[in-house]
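Data block below; observations after.
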Ligand code: ATP
């Protein structure tokens, strides 16, 4: 069992504003008392008993910590320290001030393909590093791709949220039903063996959205989206892709491939001529083609709306649950823990994050 610092995090860090929240609890700004350096603290409420539906199992947090410890890369959120108390674990991580990449792009007037490629390259480098350590992220999506500082001349990409990540041991077979419908690969839906190539599918989907502002497999319902993925039902509608270069489409096509072994690896992607042009003509094509900003802005606004809707939905649900709670102690747990959502009823797509895994 991993040993974390059994001291009070507040003795070392002043706890500041909330930066975000997720299934596990909250992320808050931390200020190191000794030197004033700012960090982010991921406060994870621990599950009290096996039967409890609140909080996260210690084993899952240990797993995320162990993965983060082995991933030191400029494009991956760095872990600094871990504190543990009876009720919660606090991960002290690098503070990422620049917000989500998609929000940064949506705030622009326009963006040429070569500018988008600068970001994509960094995502591929971070993911390539992970994959070189046999670690797959399994939840790559716009919400988990952030920027260190959006005012910098060349903002740095930071990949976050390793809650679903997995390290493949030699010869290990791993299956899991996890992720977010829009971004998951066919092998996840079919409950087949997964590999690091599963992440490359998600990068294909993210690139498709980035260029066109539409999601390749999006259906009216989650079920339809999942069916479209399994049936490989996608195309490059001229209405959305008229400004896109052929090389960009080729890049996407080489990632959205059903057979995992045929999909480009992160390393190969970095060498694709759209990312690393071999001729002047190829380079010129990228700087002439632009992303479909009007459509992208719409996609991002809808995405943000859905995220706030999900948040309100989760809060309402928590309030209803709170009313059912008998003790003030339970109240306290619920207020700061979002990990108790039921898998039943109308559930927005981005909240579906199933964890049914098996490995041998
Ligand atoms: P989800 O419920 O979306 O799967 P999660 O519960 O695993 O997420 P994270 O994605 O790690 O939680 O963090 C939740 C939110 O907190 C992020 O979407 C982001 O807005 C914010 N956040 C996370 N890490 C940092 C950081 N290092 N610096 C600044 N903000 C952060």
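Quick reminder: no glycine exception, Cβ is built from N, Cα and C everywhere.
Just so you know, TrEMBL annotations never went through curation; they're auto-generated.
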Stated TrEMBL location of region 'Disordered', expressed as one of 305-332, 333-360: 333-360
PLDDT averaged over the residues of the domain 'Protein kinase' (13-275): 95
